[in-house]
Amino acid sequence: MVKLLNSTRELSINALSMLNSFGDMVAQATGLNRKLLTTDSSDATARRLLQISNAKPNATVALDGSGQYKTIKEALDAVPKKNTEPFIIFIKAGVYKEYIDIPKSMTNVVLIGEGPTKTKITGNKSVKDGPSTFHTTTVGVNGANFVAKNIGFENTAGPEKEQAVALRVSADKAIIYNCQIDGYQDTLYVHTYRQFYRDCTITGTVDFIFGNGEAVLQNCKVIVRKPAQNQSCMVTAQGRTEPIQKGAIVLQNCEIKPDTDYFSLSPPSKTYLGRPWKEYSRTIIMQSYIDKFIEPEGWAPWNITNFGRDTSYYAEYQNRGPGAALDKRITWKGFQKGFTGEAAQKFTAGVYINNDENWLQKANVPYEAGMMKV
């Protein structure tokens, strides 16, 4: 399926250079320091990308009317059909109360804000209100080669409202950079296809990073919020249904920590790294900081059953922090006790999602292909 989509989904190097240049302009305007990480600093393509300048947004959105559009939806309506180059939408600071759905036919959309806490897209739909989890999302992305930078995505439904998605990504080669993704249960839906998250903050309570995409999160802050009373928290809930599927959630050099008011509940909540949403659930946490609030077992069963215990795939490698000790971890068959550096390498961004296409290098975002120096 991926090969069939490549011809319509591949961004040109020149177009991505425009994206990089404009991204640098926004970073300078917001005071963000952008550090480039590539596999080869002498790479000729990277040098050419850095030389392109003077990119301008195709559309500007501002609540106060100072842009071409007042809503993000209006700007998206201006994206040409069968778009083959980045269509850059600059969204000025403000709280945008909109529900956004970028269709599969709308490819190469680039959303750039003025900061992850300054430009915010917010909603509050939840399954308690009637829609399915898939349709609770504040922002849903289906078009390939999507990029978001310096934006906040939010679902404010609250811990009692059950599933309520802030951002759903169902697009191949999606990049989310320096964004804040806030919610409670089911905050970030890494639904399907290849996706890369860098320098983001994701907050939530139950299963708040979930789905069956090929998702790599690098240098992200994963913050567990105060849940509802008597509610246990689960960082991940990966959804692989067959062993041949490529889906996995990979956290590399991330920080897993509690929010400031997490411990205010009495009795205190229990938090786990994840649980098997589907039978062949697969999650790898490596080179990350795990705080002491994570239960020693590390991983939890699905609703106190044996579901997925033998067929899931949970691995931890080179983690640090008081919650990273492996001596009391679960003894399920699905827990990879002898997980090696060679096995971990297969889930690095350069191997797992970038492979021979080098789409991450072409996008010129901060990116580490292999194991990181931590």
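Glycine too: its Cβ is placed from the backbone N, Cα and C atoms.
Candidates considered were Cys200, Cys233; the recorded disulfide partner of Cys220 in Swiss-Prot is Cys200. Just one of Thr133, Thr201, Thr241, Thr311 is listed by Swiss-Prot for the same substrate site as Gln163, Arg275, Trp277, and that one is Thr133. When Asn6, Asn303 are looked up in Swiss-Prot, the one carrying the note N-linked glycosylation site is Asn303; the rest have no such note there, which does not rule it out for them. A coil conformation is recorded for Asn303 (N-linked glycosylation site) in the three-state DSSP classification, outside any helix or strand.
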